[in-house]
Amino acid sequence: MKLYNLKDHNEQVSFSQAVKQGLGSQQGLFFPLELPEFELTDIDAMLEMDFVSRSSKILSAYIGDEIAPHQLAERVKTAFAFPAPVAKVSEDISCLELFHGPTLAFKDFGGRFMAQMLSYVSGADEKITILTATSGDTGAAVAHAFYGMENVRVVILYPQGKISPLQEKLFCTLGGNIETIAIDGDFDACQALVKQAFDDEELKKAIGLNSANSINISRLLAQICYYFEAVAQLPQEKRNQLVVSVPSGNFGDLTAGLLAKSLGLPIKRFIAATNANDTVPRFLEGGSWTPNATVATLSNAMDVSQPNNWPRVEELFRRKTWRLTDLAYGAVSDETTQSTMRELAEIGYISEPHAAIAYRLLRDQLQEGEFGLFLGTAHPAKFKESVEEILGQTLPLPQALADRADLPLLSHTMQADFAPLRAFLLKA
Ligand SMILES: Cc1ncc(COP(=O)(O)O)c(C=O)c1O
């Protein structure tokens with residue numbers, strides 16, 4: 001697969017390069033040169049396949065020229081080792097639950113597939129060091145995605161005492177190729193250290209530094225697969241009247257959904273659902289791109305006012321000659337998010353703030369005869385404190401968290417200073 005840089009169409013790279021590089025020059029995003037499409041009969045046949053076989057076929061359509069089918073299938077099987085079930089919420093609405101992986105969030109799909117691809121394209125003898133800073137969630141997803149992989153060392157920096165104890169347990173108890181460092185400072189200090197490391201060319205070369213960036217194209221390709229999995233679980237009569245609502249922050253998930261539609265998956269309409277950080281809904285409403293300062297909300301993973309995947313969404317609409325006016329949208333306040341979570345609990349479905357936003361817009365905008373699906377991007381227990389407070393009930397810990405709660409922390413501690421970090425990274 002060839003990809004071009006959205007900021008400089010002359011910069012074209014292979015999939016392998018895009019995976020290793022993350023971003024192009026001027027921080028430009030990579031976008032596929034060819035947009036494959038399946039025939040309707042192919043789609044019907046694919047919807048009969050199991051998750052791993054179908055996903056391998058989807059991914060082959062993009063990257064089959066760079067990775068042989070059996071190798072791709074092997075890696076997809078390792079990455080997608082947990083289900084993505086569609087759970088009924090009401091007569092005409094279901095939730096695609098993407099939180100049954102090791103870190104209980106949709107990021108497990110993209111993160112684990114990216115890890116597989118990065119190790120594949122890096123060659124057998126090439127050593128890679130993944131260095132990342134986290135304020136909680138990303139660290140867990142990265143750590144679990146790369147855990148146990150040969151030739152990959154993962155170093156994660158986090159602000160000491162500033163992430164939840166449960167979050168810390170989730171990724172600081174793994175050991176093996178996962179090293180975690182509690183930095184005496186805040187998240188910005190951790191990020192600054194990571195940046196210093198990436199600016200150090202000698203260090204970069206010596207340890208094969210890579211960021212496993214969330215903008216990596218391999219993540220998006222992986223995320224396409226669960227939209228197909230959702231449709232495969234629906235009865236025939238619902239498949240052609242499908243409206244999908246996507247809780248959006250950086251708009252990666254929505255980009256992946258649109259790529260699924262571009263491949264031929266029958267999705268009638270998407271809803272771009274945001275919280276009060278509503279740059280995109282205001283843009284779709286009035287045509288002007290005017291990001292406000294980011295505000296803190298209950299759905300904090302969506303507190304983004306300059307969504308970094310939006311250029312990919314626009315490019316796809318342009319390439320497919322789709323109209324942006326066909327993209328539905330909406331923004332939901334914290335107050336409405338809370339009342340929606342209570343409403344969902346009353347009908348027997350416990351949800352968390354991100355998914356509740358997507359549900360709310362779906363239930364408001366769904367028309368007669370349509371069937372609605374919203375993405376459940378995180379397990380409610382990941383937002384235990386706020387969910388318990390809003391619903392007035394205690395949530396049981398899911399097994400993945402309960403299992404780790406009693407394990408000892410294996411983190412190192414360090415001053416927010418580059419010299420000791422550099423020395424740490426250079427030690428074998
Ligand atoms: C729980 C949850 N929901 C939704 C989103 C938004 O996804 P995206 O940034 O792809 O729009 C995120 C992003 O991190 C998230 O963590």
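Cβ atoms are placed via backbone N, Cα and C, with glycine included.
Annotation comment: TrEMBL describes 7-80 as domain 'Threonine synthase N-terminal'.
Looking just at the domain 'Tryptophan synthase beta chain-like PALP' (96-370), the mean pLDDT is 94. If you look up TrEMBL, you'll see 96-370 marked as domain 'Tryptophan synthase beta chain-like PALP'.
The annotation N6-(pyridoxal phosphate)lysine is assigned in TrEMBL to Lys107. In the three-state DSSP assignment, the secondary structure recorded for Lys107 (N6-(pyridoxal phosphate)lysine) is helix.
Around the Cβ of Lys107 (N6-(pyridoxal phosphate)lysine), a 10 Å sphere holds 28 further Cβ atoms from the protein chains shown.
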